[in-house]
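Undergrad: Have a look at the structure that comes next, please.
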Amino acid sequence: MSPILTNRQAEELHKSIIAYLTANNLLNTANTLRAELNLSENAFDTATAKKYETLLEKKWTSVVRLQKKIMDLESRMSALQTELDNATPISLAKRNKDPASWIPTAPARHALESHRDTINSVAFHPIFSSIASGSDDCTIKIWDWELGELERTIKGHTRAVVDVDFGGPRGGILLASCSSDLSIKLWDPANEYKNIRTLLGHDHSVSAVRFIPLGASGAPSSGNLLVSASRDKSLKIWDVNTGYCVRTLQGHTAWVRDVYPSPDGRFLLSTGDDSTARLWDISVSNPESKVTMFGHDHFNECCALAPSSSYQYLSPLTGLKKPPAASSTAEFMATGSRDKTIKLWDARGTCLMTLVGHDNWIRALAFHPGGKYLFSVSDDRTLRCWDLSQEGKCIKVMRDAHERFITCLRWAPSIFKDTPTGHGAGDGRNGDSKKTEGPDVQIRCVIATGGVDMKLRIFAN
């Protein structure tokens, strides 16, 4: 008898094995085992065989499920232990007071519901407490993120609204949206979000839209130019005043999923289904892809340029003794892919590091305005924080941040007091200023996420 099992447990195991062998037509083996165990035919009749014939398989699958659950719990415990190790009472108190070190924590301040389908994108108003969300339900909704209230619903697109962004000329902030209906629309927040212009020219779904910053000294503000990315494999630059496409960038060989402008408006970072990221210098008359980054094993979903506040943490990875000047843009960047990884790159296209931890597609990235952290969201329903000062170590995992896939992430743009209409540099997806860059810059500790659960979640200090 096994020293681990009781007599009854051993008997059930023996009968289960015999029943399994019999059910799989291994009769000789079953009879031999029955004889070895001295089980008579009366002790193992038809009723007994029926009772035990699936028991072994059920117990086996139960063990496999239990093992997976144990592994998941061990992984979660390890992540929590890491977070605990990095969170002394002193460091927590300091982090909560210092915007440059603030990290979002659960629960969300607001979980806003009104959309009837997946939320694909979110964008903060650069001045007011308004936030826009675009959805597969073909609408854009404007919310007050401080009060957690719906302000209005904007209709106009005939298919899914894929991306939204605030920006525009100085003194005239606009909301831009793009859609699977092949169009880009401009809306005027000062006139009840009236549709003032529709931009047509792409031959397939438009997957991303961003205002291009002017890049003036001090706070970068958006100008008259807008960039869009499309499934037609191209990027287009538009003049929002005239509605004309002033430039088309060709180079990607498949769907372009995302685009991110540099704070000075000189560079664009794009990525997509050809598994590459491309850095474009649009300050020249005939821009071509300046650098092409290869390395991901699946389609790329998102990209982001690192703010200058991150240079001090990323420069050691390149062997530089001193970080590049803060005025130098597009020195470092990040890409997220369906291969479940995030890659960090330098301006030469060298992969500096691969961040592994997500269990599903990476859907959006956001650099902390303070420069120390990189945030990511994924179809694994988590929001993760990677510490760039610790060589990209994952220091926080917010599990079940949404009930289903998380599709978008955005950081509220910093406030530039001397330039109130500033869009916030490549707020692109997330904002990228740092309080220490100047006395007139204030980091807003607010992020928003959206997902397939049709909820817009606001995390704020």
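Just so you know, the numbers here start at 1 and follow the chain as drawn.
Including glycine, each Cβ sits where the backbone N, Cα and C put it.
OK, Swiss-Prot features for this one:
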{"type": "DOMAIN", "residues": "9-41", "note": "domain 'LisH'"}
{"type": "REPEAT", "residues": "114-155", "note": "repeat 'WD 1'"}
{"type": "REPEAT", "residues": "157-197", "note": "repeat 'WD 2'"}
{"type": "REPEAT", "residues": "201-248", "note": "repeat 'WD 3'"}
{"type": "REPEAT", "residues": "251-290", "note": "repeat 'WD 4'"}
{"type": "REPEAT", "residues": "312-355", "note": "repeat 'WD 5'"}
{"type": "REPEAT", "residues": "357-396", "note": "repeat 'WD 6'"}
{"type": "REPEAT", "residues": "401-457", "note": "repeat 'WD 7'"}
Undergrad: Near the repeat 'WD 5' (312-355), which same-chain residues lie under 8 Å Cβ to Cβ, leaving out any that are not at least 6 residues past its ends?
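TA: Contacts with the repeat 'WD 5' (312-355): 260, 262-264, 266-267, 269, 271, 275, 277, 279, 291-306, 361-365, 367, 371-372, 374, 376, 378, 386, 388-389, 391-392, 394, 437.
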Undergrad: How many helix, strand and coil residues does the repeat 'WD 2' (157-197) contain under DSSP?
TA: 3 helix, 23 strand, 15 coil
Undergrad: In the predicted model, what is the mean pLDDT computed over the domain 'LisH' (9-41)?
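TA: PLDDT averaged over the stretch: 79.
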